[in-house]
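Visitor: This is the structure I have questions about; it appears just below.
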Amino acid sequence: MSARWTTAVLDPQMTGGLAVARSPEGFLVDANGALFPRDWLKRQDLDVLCEHGIGHFDGQPVFLLELRSATDVPGCSWRGLRAFMLEGDFDTYKVLGYAAQIGTWAREHRFCGSCGQPMTQIRWERAMYCQPCDLRSYPRISPSMIVLVTRGDEILLARSPRFVTGVYSTLAGFAEPGESAEDCLVREVREEVAVEVKNIQYVGSQCWPFPHSMMLGFHAEYAGGEIVMQPDEIEDAKWFSVHDLPPLPAGRSIARYLIDLYVARRLGCDIPAFPS
């Protein structure tokens with residue numbers, strides 16, 4: 001949340017307010033950004049799959065129009081969520097990140113996973129409902145551990161084949177059923193690079209709407225083992241000196257914060273601000 005943005009469950013039968021439109025190609029934008037007068041947006045020829053009330057921005061109600069496909073709108077274009085994270089106003093990114101998670105959930109829960117019947121939107125809580133099964137489906141949140149492994153003035157960074165060319169980052173992975181956060185961290189580090197860790201310290205968390213992760217960030221000290229990269233997951237992993245680092249993740253990510261925080265502490269620099 002921010003001073004300008006708060007989430008809320010709003011009834012789409014309300015009138016007025018602001019709205020964002022999301023398609024498989026991203027969010028609709030014009031010269032003024034991604035938040036449009038709702039009445040104007042609903043007059044456009046959009047292929048609307050569903051509508052959800054998602055919160056308040058600067059005191060105005062905000063709604064999401066989740067679209068089946070992108071539509072040409074004069075004076076507008078489509079922009080992916082990552083572009084807003086890297087370049088746009090961060091308050092707007094918070095709105096769109098939440099909208100993206102709700103849109104993904106709404107798109108994937110149109111039908112009951114038990115009986116296959118259409119689900120209906122509950123207007124007073126964030127849930128979809130199957131009346132025949134009396135089953136509610138809530139937005140999915142996937143807990144993921146992200147960890148910077150440290151060894152004095154060295155940090156262990158790795159590359160996934162999916163990364164931007166040249167960029168190295170921290171290790172991360174999703175929790176399995178029955179695991180604690182610490183259990184997951186130890187397992188993921190062992191699986192990805194075959195080293196052991198100790199002195200695990202929780203640092204903070206960040207919502208990561210790509211598509212619905214909750215990143216729990218840690219520092220952990222190296223305890224032993226030689227790096228052996230996990231096939232298909234890790235294409236390179238090595239120790240880097242805090243004085244000589246490779247290209248790193250985006251500054252608004254918790255991965256970058258874990259790195260910057262440790263480096264600042266080792267070098268006696270100012271502690272960076274946590275990405276909100």
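First residue shown is number 1, and so on along the chain.
Using the three backbone atoms N, Cα and C, a Cβ is placed for every residue, glycine included.
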Visitor: Select one of GLU154, GLU226, GLU233: the residue that Swiss-Prot places in the divalent metal cation 3 site alongside GLU188, GLU192.
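Guide: Same divalent metal cation 3 site in Swiss-Prot: GLU233.
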Visitor: Among ALA172, ALA255, ALA264, ALA273, which residue shares the divalent metal cation 1 site with GLU192, GLU233 according to Swiss-Prot?
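Guide: It is ALA172, as the record lists it for that site.
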Visitor: Pick from 129-150, 173-194, 195-216: which range has motif 'Nudix box' per Swiss-Prot?
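Guide: Going through 129-150, 173-194, 195-216 one by one, Swiss-Prot gives motif 'Nudix box' for 173-194.
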Visitor: What is the Cβ neighbour count of ARG82 (substrate binding site) at a 10 Å cut-off, with all protein chains included?
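Guide: Around the Cβ of ARG82 (substrate binding site), 13 other Cβ atoms lie within 10 Å.
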Visitor: Widest Cα span across the substrate binders ARG82, GLU125, TYR138, GLN206, CYS207, TRP208, PRO209, PHE210, PRO211, HIS212, SER213, ALA255, in Å?
Guide: 32
Visitor: I need the least crowded one of these binding-site residues (CYS133, ALA172), counting other C-beta atoms within 10 angstroms of each C-beta.
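Guide: The binding-site residues CYS133, ALA172 were compared, and CYS133 has the fewest Cβ atoms within 10 Å.
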